[in-house]
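Working notes, structure below.
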């Protein structure tokens, strides 16, 4: 019987005879992953490669034009394509040429929805590999470049790295900084053959483990230990080393890669089974240097840090975990943000190492960790990977290419595993984010679990507990936890008198009592927390205060309402009302919420207070302090601007106002919006009637008692220098409390003194 071809094949042959290629059937959106590969480190240009059937391959330049490049760029998360490049401009690829004669309409969501010859059907060679150049502006909603997205073809299999300590001193060290490199490959841990191992390889391994740098090891000493183990008949190591499955055979890194999977890695030995595994070699040993925050106090840095390193010119803000946040840089004594145009893992890794962390795990775009306030200092940052600081990299001034704060770049860095997360837990809560805080401490030489005494337990301590748990910020610090049942065997109080500055990595690092002393014993008064992944962050617009300040002599006849609300100095009580006047230092204030959650009053609506004078409800009784201080810090006048009605006075374009005080409306400040108090409303002043001429400090503190949780309390204070000659007033040098210091965490005592104006 004669064989007859199936109908689909007949159609295929007919089209070939007619000289047409059958269109590739469109597939579902985003079924294929794309990447750009090239010698440069720019994320927006390179050779176009596509992942099909688990293997990366290239695209031929036949018929390829701007429409096809635009579809590819959109699929990669960029807004559009600038151009394309033919004839393997970005180097010849390897593996299959997956697509040829790609023809797009320009409206497709991904390249695999365009017509083509079909997967793997091509008459091209790798000299025709196409490249594309995308516009660096990211699409809205395309948020980050992650290490997992950046992994090479073997990236699905090279998973983790760890150091196995060999020396007794290294085993005692926390975190482990020195040991044999082990790589997790297809679910199993393998050691790496040290033949042709370089310091560049060590740098990548240390970066993945959260360490900024590496130092050479004493290889002769380690070789001696290795040889002893090989001679020991009881050692399992000798048998294991003869197996190829024990080894990763060769690693070749440039030193700038964010992950070992980006390096050239040879997992199997070269062809020919007779070749022994790692002949004459031993396991690669690496020694890393921990950043200042992760060193034990006893460990001295291996080199003296320069003054520039001690006074960092970069910082991270609004991150829920250690080593993550919005990137801010100090230029001309003013902090500003970095635009996300061309921001990538290599530049982010330079920043992470500068801050004492490892390489970057994720480079984030689109103000994902909150928008900054003030200047945008840098844009199109382009690092090669070996720079010491971000300022050594090429960059444009932020104002040069129309960046807005909605383009603020952020980062998540690799940090060392200190083991702190295993020394704290929550028990009895309704969700995993809340409960009684239980800690593990050493009691009489034995590790024991127990509770924390809630004397002095506040939001700062709760913040440290939530960070240690990996749960972000504290929403509430709870002193009364009788309704949460803790773990029965951990009922005893093992920690009391806890006082944290807020920068600690664990409660065990905070100050606390030697012998435990808790005024109310165990049980219902154990410390508890409620954690959240996002928090508000209020910042006063210092520039506006400086520009709007003026003096007014206001008649007492217009101040009855303000007097009733305690907005005048005490000497006003002794005046002959309604005759006379008060001298007021007036100004406008604009309070931005730059965090990642709405700022809401702690008090429920049932407890808001109606103010008949001003005819609205006040939802928060102590929201700001307005004070005039002498240069040595003692208070000479205050504004008594205690109670507030919170609302969105203005929001940026495209953002809806959600909170309004009128008609008993909901109160709060939406993320990105601001609450404005104009200079001409009651109580928006400091009463300086009793103040003599001189030089002073004008100070405003927002959320002064830390009643509502925020991601950053260091920027809640704003200060200006104030000159008063008896007739006129000048405010100058207005700045928020975190403006001039990179290490903005004030010590607990300083913070308390500033809050209480007792410098």
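Using N, Cα and C of the backbone, Cβ positions are placed for all residues, glycine too.
Per TrEMBL, the feature disulfide bond maps to 60-124, 73-134, 104-114, 253-263, 339-403, 352-413, 383-393, 500-510. Per TrEMBL, the feature domain 'SRCR' maps to 34-135, 161-289, 314-414, 424-532. The signal peptide feature in TrEMBL is assigned to 1-26.
Taking the features listed in TrEMBL, we show where each one sits on the structure.
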residue: 73; record: disulfide bond; Cβ neighbours (10 Å): 26
residue: 104; record: disulfide bond; Cβ neighbours (10 Å): 22
residue: 124; record: disulfide bond; Cβ neighbours (10 Å): 18
residue: 263; record: disulfide bond; Cβ neighbours (10 Å): 21
residue: 339; record: disulfide bond; Cβ neighbours (10 Å): 30
residue: 352; record: disulfide bond; Cβ neighbours (10 Å): 32
residue: 393; record: disulfide bond; Cβ neighbours (10 Å): 18
residue: 403; record: disulfide bond; Cβ neighbours (10 Å): 23
residue: 413; record: disulfide bond; Cβ neighbours (10 Å): 28
residue: 510; record: disulfide bond; Cβ neighbours (10 Å): 19
Mean of pLDDT values spanning the domain 'SRCR' (161-289) = 85
Among 60, 134, 253, 383, the most crowded of the disulfide-bonded residues [Cβ within 10 Å] | 134
Would you mind splitting the domain 'SRCR' (34-135) into helix, strand and coil residue counts from DSSP?
-> 16 helix, 34 strand, 52 coil
List the helix, strand and coil residue totals of the domain 'SRCR' (161-289) as derived from DSSP.
-> 39 helix, 35 strand, 55 coil
Spatially speaking, which of the disulfide-bonded residues 60, 253, 339, 383, 403 is closest to residue 73 (disulfide bond)? Use C-alpha to C-alpha, please.
-> 60
Structural state census, the domain 'SRCR' (424-532) (DSSP three-state) | 17 helix, 40 strand, 52 coil
With residue 500 (disulfide bond) as the reference Cα, tell me which of the disulfide-bonded residues 114, 124, 383, 403, 413 is the closest one.
-> 413
Of the disulfide-bonded residues listed here (134, 352, 413), which is spatially closest to residue 114 (disulfide bond) when Cα positions are compared?
-> 134
What is the nearest of the disulfide-bonded residues 134, 352, 383, 413 to residue 124 (disulfide bond), using the Cα of each?
-> 134
Neighbouring C-beta atoms (10 Å sphere around the C-beta of residue 114 (disulfide bond)) = 21
Within 10 Å of the Cβ of residue 500 (disulfide bond), how many other Cβ atoms are there?
-> 23
Sort the disulfide-bonded residues 60, 383, 403 by C-alpha distance from residue 413 (disulfide bond) and give me just the closest.
-> 383
How does the domain 'SRCR' (314-414) divide up by DSSP, counting helix, then strand, then coil residues?
-> 20 helix, 39 strand, 42 coil
If we check Cα distances from residue 339 (disulfide bond), which of the disulfide-bonded residues 60, 263, 383 wins as closest?
-> 383
Spatially closest candidate among 60, 134, 383, 403, 510, the listed disulfide-bonded residues, to residue 263 (disulfide bond) (Cα to Cα) | 383
